[in-house]
Amino acid sequence: MLLSKINSLAHLRAAPCNDLHATKLAPGKEKEPLESQYQVGPLLGSGGFGSVYSGIRVSDNLPVAIKHVEKDRISDWGELPNGTRVPMEVVLLKKVSSGFSGVIRLLDWFERPDSFVLILERPEPVQDLFDFITERGALQEELARSFFWQVLEAVRHCHNCGVLHRDIKDENILIDLNRGELKLIDFGSGALLKDTVYTDFDGTRVYSPPEWIRYHRYHGRSAAVWSLGILLYDMVCGDIPFEHDEEIIRGQVFFRQRVSSECQHLIRWCLALRPSDRPTFEEIQNHPWMQDVLLPQETAEIHLHSLSPGPSK
């Protein structure tokens, strides 16, 4: 699950990808070639998203993920400030990657004649939140509060940078098991944040808001709050609240686990059917349930250090 998320760095149609080791950098690049900066390791995964290799940055032995995508498989393009045309996810990652540790960082990228190569940080040891919940069940509220606060901060950071993630879910959140820090990953469904309505969506349907299911229209901020409500329910109950479109449209929340009344109130507020009735990020952070949040290192010491991480996938 973890690698499948790190791998999803562009919208691609399924097709075989060229061998990263066999291709050469496009001529005219001023920076040192990829091959001299990074030691390319084994193939981690491949598919419609491209191919991803493990790697090491030669200068400091930093673990990295090396992503190779073919240009003719990229469906969503953007433009850097200097006018360079790149996959939209490069644009989004460059906007959010500096000065904040709660999102996965794009360390570098290279353009080849027929493809792009993206260099991403590869934290160790980590586990994505989906696998964490699958293995351990519903989270204690103290742990869920710490995790949810960090995700909220990451989403706020993205919005402050003008980026809408559009696929907030447990599979797209990495947990650093040593430090208790979370990272938001996979901006492949993302877009530039705007105040006007969106009429396209390529995220995960069971995390999408009822206004998208019914009308194929939504506003970015209120849709993000809905997804956060689904995520919080998933944390404290061990699974998502809705599986089918009709359940999303009804919006009736039933709690399968014993959950405090304050936590239930926050979840139901985030999952208000009318977008205008949902809380703002500030209102979420000021909610009574969100007080006395553990620091990441406290979270690691209390809840994580006794755990043995499974192998990365």
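Glycine too: its Cβ is placed from the backbone N, Cα and C atoms.
Cβ neighbours of ASP167 (active site, proton acceptor) (same chain, under 8 Å, six or more residues apart in sequence): ASP186, GLY188, SER189, GLY190, ASP202, GLY203, THR204, TYR207. In three-state terms derived from DSSP, ASP167 (active site, proton acceptor) belongs to neither a helical nor a strand segment and is classed as coil. Taken from Swiss-Prot, the feature active site, proton acceptor applies to ASP167.
For the recorded site, VAL52 (ATP binding site), the DSSP three-state label reads strand. According to Swiss-Prot, the ATP binding site annotation covers LEU44, GLY45, SER46, GLY47, GLY48, PHE49, GLY50, SER51, VAL52, LYS67, GLU121, ASP128.
The feature domain 'Protein kinase' is assigned by Swiss-Prot to 38-290.
According to Swiss-Prot, the feature phosphoserine maps to SER8 (among others).
Swiss-Prot lists THR23 with the feature phosphothreonine.
What Swiss-Prot records for SER98 (among others) is phosphoserine, and it gives experimental evidence as the kind of evidence. The Cβ of SER98 (phosphoserine) lies under 8 Å from no Cβ of any same-chain residue at least six residues away in sequence. In three-state terms derived from DSSP, SER98 (phosphoserine) belongs to neither a helical nor a strand segment and is classed as coil.
Annotation comment: Swiss-Prot describes SER261 (among others) as phosphoserine, evidence class experimental evidence. When Cβ atoms from all protein chains are considered, those within 10 Å of SER261 (phosphoserine) total 9, not counting its own.
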Lowest local Cβ density (other Cβ within 10 Å) among binding-site residues: LEU44, VAL52: LEU44
Mapped DSSP class for LEU44 (ATP binding site), helix or strand or coil: strand
Tertiary neighbours of GLU121 (ATP binding site) (same chain, Cβ under 8 Å, six or more apart): LEU62, PRO63, VAL64, ALA65, ILE104, ARG105, LEU107
Alpha-carbon spacing, LEU44 (ATP binding site) to SER261 (phosphoserine), which is rounded to whole Å: 43
Local backbone state of SER261 (phosphoserine), from DSSP in three classes: helix
Per-residue pLDDT averaged over the domain 'Protein kinase' (38-290), given as an integer: 94
